Amino acid sequence: MSDFDGAPNGGDSKKLRVEEAPPSRVIHIRKLPNEASEAEVIALGLPFGKVTNILTLKGKNQAFLEMGTEEAAVTMVNYYSKVTPLIRNIQVFIQYSNHKELKTDAANQRTQAVLQAVSAAQSPGSEVQEVLAAVSSPVLRIIIDNMFYPVTLDVLQQIFSKFGTVMKIITFTKNNQFQALLQFSDPVSAQQAKLALDGQNIYNSCCTLRIDFSKLVNLNVKYNNDKSRDYTRPELPAGDGQPSFDPTVAVAFSKDSSSLLGALNPLSAAAAAAAAAGRVALTGQTGSSGVLLVSNLNEEMVTPQSLFTLFGVYGDVQRVKILYNKKDSALIQMSESNQAQLAMSHLNGQKMYGKIIRVTLSKHQTVALPRDGLDDQGLTKDFANSPLHRFKKPGSKNFQNIFPPSATLHLSNIPQDVTEDDLRLLFSNTGGTVKAFKFFQDRKMALIQMSTVEEAIQALIDLHNYNMGGNQHLRVSFSKSTI
(Lines of atoms letter the chains of each structure in order from A and count residues from 1; the text may use other names and numbers.)
(Lines give C-alpha, C1' and ligand atoms only; values in the text may rest on other atoms or scores of the structure.)
Protein backbone atom coordinates (compact mmCIF):
# COMPACT_ATOMS: atom_id res chain seq x y z
CA MET A 1 0.00 0.00 0.00
CA SER A 2 1.25 3.51 -0.79
CA ASP A 3 1.55 6.24 1.86
CA PHE A 4 -0.79 8.32 -0.29
CA ASP A 5 -3.68 5.82 -0.41
CA GLY A 6 -6.93 6.56 1.35
CA ALA A 7 -9.54 9.26 1.67
CA PRO A 8 -8.71 12.93 1.00
CA ASN A 9 -8.75 13.70 4.72
CA GLY A 10 -6.04 11.26 5.60
CA GLY A 11 -6.87 7.70 4.59
CA ASP A 12 -8.97 4.82 5.79
CA SER A 13 -7.92 3.24 9.09
CA LYS A 14 -9.22 -0.22 8.09
CA LYS A 15 -6.70 -0.40 5.23
CA LEU A 16 -3.91 0.58 7.62
CA ARG A 17 -4.53 -2.44 9.87
CA VAL A 18 -4.16 -4.77 6.89
CA GLU A 19 -0.70 -3.57 5.91
CA GLU A 20 1.65 -1.64 8.18
CA ALA A 21 5.01 -0.30 7.01
CA PRO A 22 8.18 -1.57 8.77
CA PRO A 23 10.07 0.88 11.03
CA SER A 24 11.51 3.83 9.15
CA ARG A 25 12.95 7.16 10.22
CA VAL A 26 10.21 8.80 8.11
CA ILE A 27 6.90 9.19 9.98
CA HIS A 28 3.57 9.51 8.16
CA ILE A 29 1.09 11.82 9.94
CA ARG A 30 -2.57 11.88 8.84
CA LYS A 31 -5.76 13.84 9.52
CA LEU A 32 -3.97 17.11 10.22
CA PRO A 33 -6.17 20.16 10.89
CA ASN A 34 -6.43 22.35 7.76
CA GLU A 35 -4.54 25.24 9.35
CA ALA A 36 -1.69 23.16 10.89
CA SER A 37 1.76 24.64 10.23
CA GLU A 38 5.07 22.89 9.52
CA ALA A 39 6.31 24.11 12.90
CA GLU A 40 3.45 22.38 14.68
CA VAL A 41 4.15 19.12 12.88
CA ILE A 42 7.85 19.40 13.76
CA ALA A 43 6.87 20.03 17.40
CA LEU A 44 5.39 16.51 17.55
CA GLY A 45 8.82 15.04 16.83
CA LEU A 46 11.05 17.39 18.85
CA PRO A 47 10.85 15.56 22.20
CA PHE A 48 12.20 12.38 20.60
CA GLY A 49 15.29 13.64 18.75
CA LYS A 50 16.49 15.56 15.70
CA VAL A 51 14.01 16.40 12.95
CA THR A 52 15.89 16.46 9.64
CA ASN A 53 13.16 17.03 7.05
CA ILE A 54 9.44 17.65 6.58
CA LEU A 55 6.96 17.42 3.72
CA THR A 56 3.38 18.59 4.12
CA LEU A 57 0.53 17.66 1.76
CA LYS A 58 -1.97 20.42 2.49
CA GLY A 59 -4.70 19.12 0.19
CA LYS A 60 -4.59 15.67 1.79
CA ASN A 61 -4.21 16.87 5.41
CA GLN A 62 -1.07 14.77 5.69
CA ALA A 63 2.61 15.28 6.45
CA PHE A 64 5.87 13.33 6.50
CA LEU A 65 8.43 13.94 9.21
CA GLU A 66 11.97 12.65 8.82
CA MET A 67 13.75 11.97 12.11
CA GLY A 68 17.54 11.95 12.43
CA THR A 69 17.63 8.25 13.33
CA GLU A 70 15.34 5.26 13.04
CA GLU A 71 15.65 4.82 16.82
CA ALA A 72 14.14 8.30 17.38
CA ALA A 73 11.28 7.44 14.99
CA VAL A 74 10.60 4.12 16.80
CA THR A 75 10.52 5.93 20.17
CA MET A 76 8.09 8.48 18.73
CA VAL A 77 5.71 5.90 17.21
CA ASN A 78 5.79 3.75 20.37
CA TYR A 79 5.05 6.79 22.52
CA TYR A 80 2.10 7.94 20.41
CA SER A 81 0.65 4.43 20.40
CA LYS A 82 -0.04 5.00 24.13
CA VAL A 83 -0.65 8.77 24.17
CA THR A 84 -3.02 10.49 21.74
CA PRO A 85 -1.06 12.89 19.50
CA LEU A 86 -2.78 16.28 19.19
CA ILE A 87 -2.28 19.30 16.97
CA ARG A 88 -4.43 22.30 17.88
CA ASN A 89 -6.31 20.03 20.27
CA ILE A 90 -7.36 17.74 17.38
CA GLN A 91 -6.23 14.09 17.22
CA VAL A 92 -3.83 13.17 14.41
CA PHE A 93 -2.72 9.66 13.35
CA ILE A 94 0.90 8.52 13.24
CA GLN A 95 2.57 5.53 11.59
CA TYR A 96 5.80 4.59 9.82
CA SER A 97 6.11 5.63 6.18
CA ASN A 98 7.16 3.40 3.31
CA HIS A 99 9.72 6.09 2.46
CA LYS A 100 13.18 5.61 3.97
CA GLU A 101 14.08 9.28 3.50
CA LEU A 102 12.46 12.49 2.23
CA LYS A 103 13.50 14.46 -0.82
CA THR A 104 11.86 17.90 -0.72
CA ASP A 105 11.93 20.75 -3.19
CA ALA A 106 14.53 23.27 -2.05
CA ALA A 107 12.35 26.01 -3.52
CA ASN A 108 9.86 25.59 -0.70
CA GLN A 109 11.26 28.53 1.23
CA ARG A 110 8.93 28.35 4.22
CA THR A 111 9.73 24.69 4.87
CA GLN A 112 13.44 25.39 4.44
CA ALA A 113 13.26 28.32 6.86
CA VAL A 114 11.60 26.18 9.53
CA LEU A 115 14.15 23.42 8.99
CA GLN A 116 17.01 25.93 9.19
CA ALA A 117 15.68 27.01 12.58
CA VAL A 118 15.66 23.37 13.66
CA SER A 119 19.16 22.63 12.33
CA ALA A 120 20.51 25.79 13.94
CA ALA A 121 18.96 24.64 17.19
CA GLN A 122 20.77 21.31 16.87
CA SER A 123 24.26 22.78 16.65
CA PRO A 124 26.32 22.23 19.84
CA GLY A 125 26.07 24.99 22.44
CA SER A 126 23.16 26.68 20.73
CA GLU A 127 20.80 28.68 22.96
CA VAL A 128 17.85 27.19 21.12
CA GLN A 129 19.20 23.68 21.71
CA GLU A 130 18.64 24.37 25.39
CA VAL A 131 15.05 25.36 24.64
CA LEU A 132 14.41 22.26 22.54
CA ALA A 133 15.90 20.10 25.25
CA ALA A 134 13.44 21.68 27.64
CA VAL A 135 10.56 20.76 25.32
CA SER A 136 10.90 17.20 26.61
CA SER A 137 9.94 18.45 30.09
CA PRO A 138 6.34 17.86 31.15
CA VAL A 139 6.61 20.89 33.47
CA LEU A 140 5.45 24.37 32.40
CA ARG A 141 6.36 27.64 34.10
CA ILE A 142 3.36 30.01 34.02
CA ILE A 143 3.48 33.74 34.73
CA ILE A 144 0.24 35.75 34.85
CA ASP A 145 0.47 39.36 33.67
CA ASN A 146 -2.18 42.05 34.25
CA MET A 147 -3.73 40.03 37.06
CA PHE A 148 -6.84 42.10 37.55
CA TYR A 149 -8.84 39.13 38.84
CA PRO A 150 -7.52 36.44 41.20
CA VAL A 151 -6.33 33.24 39.52
CA THR A 152 -6.34 30.17 41.73
CA LEU A 153 -4.70 26.77 41.54
CA ASP A 154 -8.10 25.24 40.70
CA VAL A 155 -8.60 27.69 37.83
CA LEU A 156 -5.24 26.67 36.33
CA GLN A 157 -6.08 22.98 36.68
CA GLN A 158 -9.40 23.56 34.94
CA ILE A 159 -7.87 25.39 31.97
CA PHE A 160 -4.77 23.22 31.47
CA SER A 161 -6.53 19.86 31.91
CA LYS A 162 -8.14 20.48 28.49
CA PHE A 163 -4.76 19.47 27.03
CA GLY A 164 -3.84 16.43 29.10
CA THR A 165 -3.61 15.02 32.62
CA VAL A 166 -2.43 17.63 35.13
CA MET A 167 -0.48 15.81 37.85
CA LYS A 168 0.97 18.55 40.08
CA ILE A 169 0.80 22.35 40.51
CA ILE A 170 2.88 24.66 42.70
CA THR A 171 1.96 28.36 42.89
CA PHE A 172 4.08 31.18 44.32
CA THR A 173 4.62 34.92 44.13
CA LYS A 174 7.94 36.22 42.82
CA ASN A 175 8.78 39.88 42.12
CA ASN A 176 5.17 40.72 43.02
CA GLN A 177 3.94 38.43 40.22
CA PHE A 178 1.76 35.35 40.56
CA GLN A 179 3.55 32.35 39.04
CA ALA A 180 2.99 28.62 38.85
CA LEU A 181 4.75 25.41 37.91
CA LEU A 182 2.40 22.85 36.38
CA GLN A 183 3.35 19.25 35.62
CA PHE A 184 1.54 17.20 32.98
CA SER A 185 1.73 13.42 32.76
CA ASP A 186 3.76 13.74 29.55
CA PRO A 187 5.82 16.38 27.67
CA VAL A 188 3.56 16.42 24.61
CA SER A 189 0.55 17.60 26.64
CA ALA A 190 2.76 20.37 28.04
CA GLN A 191 3.75 21.32 24.52
CA GLN A 192 0.16 21.39 23.28
CA ALA A 193 -0.92 23.54 26.24
CA LYS A 194 1.92 26.00 25.67
CA LEU A 195 1.09 26.18 21.99
CA ALA A 196 -2.59 26.89 22.58
CA LEU A 197 -2.51 29.09 25.68
CA ASP A 198 0.70 31.16 25.64
CA GLY A 199 -0.28 34.83 25.27
CA GLN A 200 -3.98 34.19 25.82
CA ASN A 201 -6.11 36.09 28.36
CA ILE A 202 -8.02 34.12 30.99
CA TYR A 203 -10.48 37.01 31.27
CA ASN A 204 -11.20 39.80 28.77
CA SER A 205 -8.18 42.13 28.45
CA CYS A 206 -6.42 40.81 31.56
CA CYS A 207 -4.82 37.82 33.33
CA THR A 208 -2.51 37.10 30.38
CA LEU A 209 -0.76 33.71 30.42
CA ARG A 210 2.98 33.72 29.72
CA ILE A 211 4.11 30.10 29.42
CA ASP A 212 7.57 28.57 29.10
CA PHE A 213 9.03 25.12 29.58
CA SER A 214 10.72 24.50 32.91
CA LYS A 215 14.07 22.76 33.17
CA LEU A 216 12.55 20.70 35.96
CA VAL A 217 11.13 17.34 34.92
CA ASN A 218 9.40 16.54 38.20
CA LEU A 219 7.82 18.67 40.95
CA ASN A 220 8.18 17.74 44.61
CA VAL A 221 4.90 18.62 46.34
CA LYS A 222 4.72 18.18 50.14
CA TYR A 223 1.25 19.61 50.83
CA ASN A 224 -2.17 19.65 49.18
CA ASN A 225 -3.56 23.13 49.84
CA ASP A 226 -4.42 26.34 47.98
CA LYS A 227 -0.73 26.92 47.10
CA SER A 228 0.29 23.44 45.91
CA ARG A 229 -1.41 20.25 44.84
CA ASP A 230 -0.35 16.72 43.87
CA TYR A 231 -3.38 15.17 42.15
CA THR A 232 -1.71 11.74 42.19
CA ARG A 233 -1.42 11.78 46.01
CA PRO A 234 -4.71 12.98 47.56
CA GLU A 235 -3.56 11.68 50.97
CA LEU A 236 -0.94 14.45 51.41
CA PRO A 237 -1.48 16.74 54.44
CA ALA A 238 -2.69 20.31 54.03
CA GLY A 239 0.24 21.70 56.03
CA ASP A 240 0.64 25.28 57.17
CA GLY A 241 3.75 26.15 55.22
CA GLN A 242 4.68 26.49 51.59
CA PRO A 243 5.94 23.44 49.65
CA SER A 244 9.67 22.89 50.18
CA PHE A 245 10.58 24.14 46.75
CA ASP A 246 12.76 26.92 45.45
CA PRO A 247 11.03 28.51 42.44
CA THR A 248 14.25 30.26 41.41
CA VAL A 249 15.49 27.01 39.85
CA ALA A 250 12.72 27.27 37.27
CA VAL A 251 14.19 28.76 34.11
CA ALA A 252 12.12 30.83 31.71
CA PHE A 253 13.17 30.98 28.08
CA SER A 254 12.69 34.20 26.19
CA LYS A 255 10.78 34.36 22.94
CA ASP A 256 13.97 35.60 21.26
CA SER A 257 15.86 32.39 22.01
CA SER A 258 13.05 30.12 20.86
CA SER A 259 12.23 31.45 17.43
CA LEU A 260 11.06 28.06 16.24
CA LEU A 261 8.53 27.78 19.04
CA GLY A 262 7.63 31.42 18.49
CA ALA A 263 6.80 30.60 14.87
CA LEU A 264 3.99 28.28 15.89
CA ASN A 265 0.59 29.52 14.84
CA PRO A 266 -1.71 31.29 17.33
CA LEU A 267 -4.62 29.70 19.15
CA SER A 268 -6.90 27.66 16.90
CA ALA A 269 -10.68 27.59 17.02
CA ALA A 270 -10.63 24.28 18.91
CA ALA A 271 -8.16 25.50 21.50
CA ALA A 272 -9.97 28.84 21.71
CA ALA A 273 -13.14 26.92 22.51
CA ALA A 274 -11.24 25.05 25.22
CA ALA A 275 -9.89 28.31 26.64
CA ALA A 276 -13.38 29.82 26.45
CA ALA A 277 -14.75 26.82 28.32
CA GLY A 278 -12.14 27.48 30.98
CA ARG A 279 -13.19 31.13 31.06
CA VAL A 280 -16.84 30.23 31.60
CA ALA A 281 -15.84 27.85 34.36
CA LEU A 282 -13.72 30.56 35.95
CA THR A 283 -16.41 33.19 36.03
CA GLY A 284 -18.85 30.61 37.27
CA GLN A 285 -16.81 29.81 40.34
CA THR A 286 -16.11 33.31 41.62
CA GLY A 287 -19.55 33.48 43.24
CA SER A 288 -22.28 35.83 42.17
CA SER A 289 -21.99 38.31 45.06
CA GLY A 290 -20.01 41.48 44.50
CA VAL A 291 -20.61 42.55 48.12
CA LEU A 292 -17.89 42.39 50.78
CA LEU A 293 -18.26 42.34 54.56
CA VAL A 294 -15.39 44.21 56.23
CA SER A 295 -15.00 43.84 60.00
CA ASN A 296 -12.67 44.91 62.84
CA LEU A 297 -12.65 48.46 61.49
CA ASN A 298 -11.58 51.42 63.64
CA GLU A 299 -15.07 52.83 64.18
CA GLU A 300 -13.73 56.16 65.46
CA MET A 301 -11.88 56.83 62.21
CA VAL A 302 -13.48 54.92 59.35
CA THR A 303 -15.82 56.64 56.86
CA PRO A 304 -17.59 55.48 53.68
CA GLN A 305 -15.18 57.73 51.73
CA SER A 306 -12.03 56.11 53.20
CA LEU A 307 -13.36 52.62 52.38
CA PHE A 308 -14.30 53.78 48.88
CA THR A 309 -10.75 55.05 48.29
CA LEU A 310 -8.92 51.97 49.60
CA PHE A 311 -11.17 49.30 48.08
CA GLY A 312 -11.34 51.39 44.87
CA VAL A 313 -7.72 50.38 44.18
CA TYR A 314 -9.03 46.89 43.26
CA GLY A 315 -12.37 47.65 41.61
CA ASP A 316 -15.14 50.20 41.18
CA VAL A 317 -16.97 50.63 44.50
CA GLN A 318 -20.69 51.26 43.98
CA ARG A 319 -21.99 51.60 47.55
CA VAL A 320 -20.63 51.56 51.11
CA LYS A 321 -22.70 51.00 54.27
CA ILE A 322 -21.18 51.17 57.77
CA LEU A 323 -23.51 49.06 59.91
CA TYR A 324 -25.63 51.22 62.24
CA ASN A 325 -25.64 48.75 65.16
CA LYS A 326 -22.06 47.52 64.59
CA LYS A 327 -19.95 50.42 63.46
CA ASP A 328 -16.73 48.37 63.28
CA SER A 329 -18.23 46.55 60.27
CA ALA A 330 -19.23 47.65 56.77
CA LEU A 331 -20.73 46.30 53.57
CA ILE A 332 -19.01 47.32 50.33
CA GLN A 333 -20.64 46.68 46.95
CA MET A 334 -18.20 46.35 44.03
CA SER A 335 -19.32 46.58 40.40
CA GLU A 336 -18.34 42.92 39.72
CA SER A 337 -17.91 39.79 41.82
CA ASN A 338 -14.36 39.35 40.46
CA GLN A 339 -13.41 42.77 41.80
CA ALA A 340 -14.76 41.75 45.22
CA GLN A 341 -12.57 38.63 45.11
CA LEU A 342 -9.53 40.70 44.17
CA ALA A 343 -10.10 43.27 46.93
CA MET A 344 -10.61 40.48 49.46
CA SER A 345 -7.41 38.67 48.46
CA HIS A 346 -5.31 41.86 48.70
CA LEU A 347 -6.86 43.66 51.69
CA ASN A 348 -7.84 40.92 54.15
CA GLY A 349 -5.35 41.08 57.04
CA GLN A 350 -4.03 44.57 56.20
CA LYS A 351 -3.91 47.37 58.78
CA MET A 352 -6.25 50.33 58.39
CA TYR A 353 -6.31 53.07 61.05
CA GLY A 354 -4.23 50.84 63.35
CA LYS A 355 -6.50 47.77 63.20
CA ILE A 356 -6.12 44.54 61.21
CA ILE A 357 -9.22 44.37 59.02
CA ARG A 358 -11.03 41.20 58.01
CA VAL A 359 -12.56 41.01 54.53
CA THR A 360 -14.98 38.25 53.48
CA LEU A 361 -17.62 37.78 50.80
CA SER A 362 -21.08 38.78 52.00
CA LYS A 363 -24.30 36.82 51.43
CA HIS A 364 -25.96 40.07 50.37
CA GLN A 365 -26.33 40.63 46.63
CA THR A 366 -26.57 44.43 46.93
CA VAL A 367 -26.16 47.15 49.53
CA ALA A 368 -29.52 48.82 50.25
CA LEU A 369 -29.74 52.60 50.40
CA PRO A 370 -31.68 54.22 53.29
CA ARG A 371 -35.34 54.86 52.56
CA ASP A 372 -36.22 58.35 51.31
CA GLY A 373 -36.13 60.92 54.08
CA LEU A 374 -34.41 58.56 56.50
CA ASP A 375 -31.19 59.93 58.04
CA ASP A 376 -28.63 57.21 58.77
CA GLN A 377 -25.98 59.73 59.91
CA GLY A 378 -24.01 59.49 56.68
CA LEU A 379 -23.17 55.80 57.25
CA THR A 380 -24.38 54.79 53.76
CA LYS A 381 -23.05 56.37 50.60
CA ASP A 382 -23.82 55.73 46.92
CA PHE A 383 -20.72 56.03 44.71
CA ALA A 384 -22.32 54.67 41.51
CA ASN A 385 -21.76 57.94 39.62
CA SER A 386 -18.37 58.77 41.12
CA PRO A 387 -15.84 60.20 38.62
CA LEU A 388 -13.08 58.46 40.62
CA HIS A 389 -13.72 54.90 39.43
CA ARG A 390 -10.40 53.53 38.14
CA PHE A 391 -11.77 50.72 35.96
CA LYS A 392 -14.85 52.14 34.24
CA LYS A 393 -12.94 52.71 30.99
CA PRO A 394 -12.33 49.44 29.07
CA GLY A 395 -8.65 48.79 28.37
CA SER A 396 -7.55 51.39 30.94
CA LYS A 397 -3.88 51.24 31.98
CA ASN A 398 -5.15 50.83 35.54
CA PHE A 399 -5.99 47.18 34.71
CA GLN A 400 -2.26 46.55 34.24
CA ASN A 401 -1.18 48.26 37.46
CA ILE A 402 -2.96 46.39 40.23
CA PHE A 403 -0.57 45.37 42.99
CA PRO A 404 -0.86 44.27 46.63
CA PRO A 405 -0.53 46.98 49.28
CA SER A 406 3.13 47.96 49.52
CA ALA A 407 5.24 50.58 51.30
CA THR A 408 6.06 52.18 47.93
CA LEU A 409 3.38 54.30 46.26
CA HIS A 410 3.12 55.40 42.64
CA LEU A 411 2.11 59.04 42.16
CA SER A 412 0.84 60.54 38.92
CA ASN A 413 -0.73 63.75 37.61
CA ILE A 414 1.84 65.83 39.50
CA PRO A 415 1.81 69.56 38.49
CA GLN A 416 5.04 70.84 36.93
CA ASP A 417 5.75 73.35 39.70
CA VAL A 418 5.51 70.82 42.56
CA THR A 419 8.90 69.85 44.02
CA GLU A 420 10.20 66.76 45.80
CA ASP A 421 10.16 68.71 49.10
CA ASP A 422 6.50 69.63 48.56
CA LEU A 423 5.55 65.96 48.14
CA ARG A 424 7.74 64.73 51.01
CA LEU A 425 6.06 67.28 53.31
CA LEU A 426 2.57 66.40 52.05
CA PHE A 427 3.08 62.66 52.67
CA SER A 428 4.80 63.22 56.06
CA ASN A 429 1.64 65.03 57.18
CA THR A 430 -0.36 61.78 56.87
CA GLY A 431 1.42 60.56 60.02
CA GLY A 432 4.09 58.43 58.36
CA THR A 433 7.79 58.71 57.57
CA VAL A 434 9.00 59.17 54.00
CA LYS A 435 11.98 56.85 53.49
CA ALA A 436 12.75 57.53 49.82
CA PHE A 437 11.52 59.50 46.81
CA LYS A 438 12.18 59.40 43.10
CA PHE A 439 10.76 61.47 40.24
CA PHE A 440 10.21 59.87 36.83
CA GLN A 441 11.95 61.64 33.96
CA ASP A 442 8.97 63.79 32.95
CA ARG A 443 8.32 64.75 36.63
CA LYS A 444 4.58 64.10 36.16
CA MET A 445 5.01 60.80 38.02
CA ALA A 446 7.04 59.69 41.03
CA LEU A 447 7.61 56.88 43.51
CA ILE A 448 7.47 57.59 47.24
CA GLN A 449 8.38 55.03 49.88
CA MET A 450 6.86 55.11 53.38
CA SER A 451 8.40 53.21 56.29
CA THR A 452 5.58 50.61 56.50
CA VAL A 453 2.72 49.24 54.38
CA GLU A 454 0.27 50.57 56.98
CA GLU A 455 1.64 54.09 56.52
CA ALA A 456 1.37 53.76 52.74
CA ILE A 457 -2.28 52.62 53.05
CA GLN A 458 -3.00 55.67 55.22
CA ALA A 459 -1.26 58.01 52.76
CA LEU A 460 -3.22 56.55 49.81
CA ILE A 461 -6.53 57.01 51.68
CA ASP A 462 -5.66 60.61 52.58
CA LEU A 463 -4.05 61.80 49.37
CA HIS A 464 -5.55 59.95 46.39
CA ASN A 465 -7.45 62.66 44.44
CA TYR A 466 -5.81 65.41 46.58
CA ASN A 467 -6.16 68.80 44.87
CA MET A 468 -2.63 70.01 44.11
CA GLY A 469 -3.90 73.37 42.84
CA GLY A 470 -5.09 74.44 39.40
CA ASN A 471 -7.70 71.66 39.61
CA GLN A 472 -4.96 69.01 39.20
CA HIS A 473 -5.74 66.04 41.41
CA LEU A 474 -2.98 63.69 42.57
CA ARG A 475 -3.45 60.00 41.72
CA VAL A 476 -2.00 57.46 44.15
CA SER A 477 -1.70 53.68 43.79
CA PHE A 478 0.45 50.86 45.21
CA SER A 479 3.65 50.09 43.31
CA LYS A 480 5.53 46.84 42.73
CA SER A 481 8.81 48.81 42.53
CA THR A 482 11.19 49.77 45.28
CA ILE A 483 13.42 52.83 45.35
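Every residue gets a Cβ built from N, Cα and C, even glycine.
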Annotated stretch (region 'Disordered', per TrEMBL) among the listed ranges 1-20, 361-380, 381-400: 1-20
The domain 'RRM' (290-364), counted residue by residue under DSSP: helix, strand, coil: 19 helix, 24 strand, 32 coil
Predicted model, mean pLDDT over the domain 'RRM' (407-481): 94
DSSP residue counts for the domain 'RRM' (25-109), split into helix, strand and coil: 28 helix, 26 strand, 31 coil
